[in-house]
Amino acid sequence: MNPSPSVTELQVENVTFTPSVQPPGSTKSHFLGGAGERGLEIEGKFVKFTAIGVYLEDDAVPLLAGKWKGKTAEELTESVEFFRDVVTGPFEKFMKVTMILPLTGAQYSEKVAENCIAIWKFFGIYTDAEAKAIEKFTEVFKDEIFPPGSSILFTQSPGSLTISFSKDGSIPKDGVAVIESNLLSEAVLESMIGKNGVSPAAKKSLAERLSALLNVTSDKMK
C-alpha cells in the first residue's frame, strides 16, 4: 500500500471537497484528484447545477506514473487516453456530486443514463446486460429529491458501482445500492471526465493536480 498523496481541499462555489475520504463500501483511503462544476448555457448565461469531486485510491498515482509521469497539465487535459486510463485503471474511484441547485432523483438519473448509453453505443458495447444495469440505476433514484447541499456518492470498484446519498455533507459507511456492472461503473465516471464529459472544469482540475503528483513521483524514482 502506498502512502496518501499530499493534496489540498478544493472549493467549488460554496461546496468544499476534503483532501481525502474513505468511500462507502470501501476499506481504502482515497485522495481528491480534482473538482469542478457541471453547468449548462441557458439563455446566454452559464447556470451551475452540481459540484463534482473525483477521488482516486492512493495506489492510483504509482499505477498511472509509468505512462504519464513528466506530462504537463495541458498535455493531460488534452489527452482522451489519459482520462480513459483514469476511468479504467485497476484502482478504486469515488465521485461526490453535490447539488448547487435542487434536482430530483429522476432528473439526475435520466440524464446520467442517457450519457452512459451514448458512451456504450459509441464503443459498440450496449447489450441487454447494460440495459438491465441502467434500469437498476434509475430505480435507485426514482423517489429521491436532492436539495442544495445534498450529495450523490458513487464508489467505483472493479466490477461494481456502490451508490450512496448524503443530505448533510457527511460520508456514510455503506451504500444504499450496489450494482454489479463494470461497464456501468466506468461509464458513470466517463460521463463526467471522458471525451464528452459534463464537467470540463473537473477534468482540468484533475489533470493539473495529477500532473503535479505524477511529477513528484517521477522525481522520487530518479
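FYI, residue positions are counted from 1 along the chain as it appears here.
Quick reminder: no glycine exception, Cβ is built from N, Cα and C everywhere.
Sequence-distant contacts of T50 (substrate binding site), defined by Cβ-Cβ distance under 8 angstroms and a gap of at least six in the same chain, are E37, R38, V97, T98, M99, I100, L101, L103. Annotated substrate binding site per Swiss-Prot: T50, N115, S191, in sequence order, evidence recorded as similarity to another entry.
What Swiss-Prot lists as site 'Important for catalytic activity' is Y108, and the listing cites similarity to another entry. According to DSSP, Y108 (site 'Important for catalytic activity') is assigned to a helical segment.
Annotated substrate site T50, N115, S191; additional same-chain residues within 8 Å of its Cβ mean position, judged by their own Cβ, are R38, K111, V112, V188, M192, G197, V198, S199. Just so you know, of the binding-site residues N115, S191, the Cβ with the fewest other Cβ atoms around it within 10 Å is the one at N115.
Counted within 10 Å of its Cβ, the other Cβ atoms near Y108 (site 'Important for catalytic activity') come to 19, all protein chains included.
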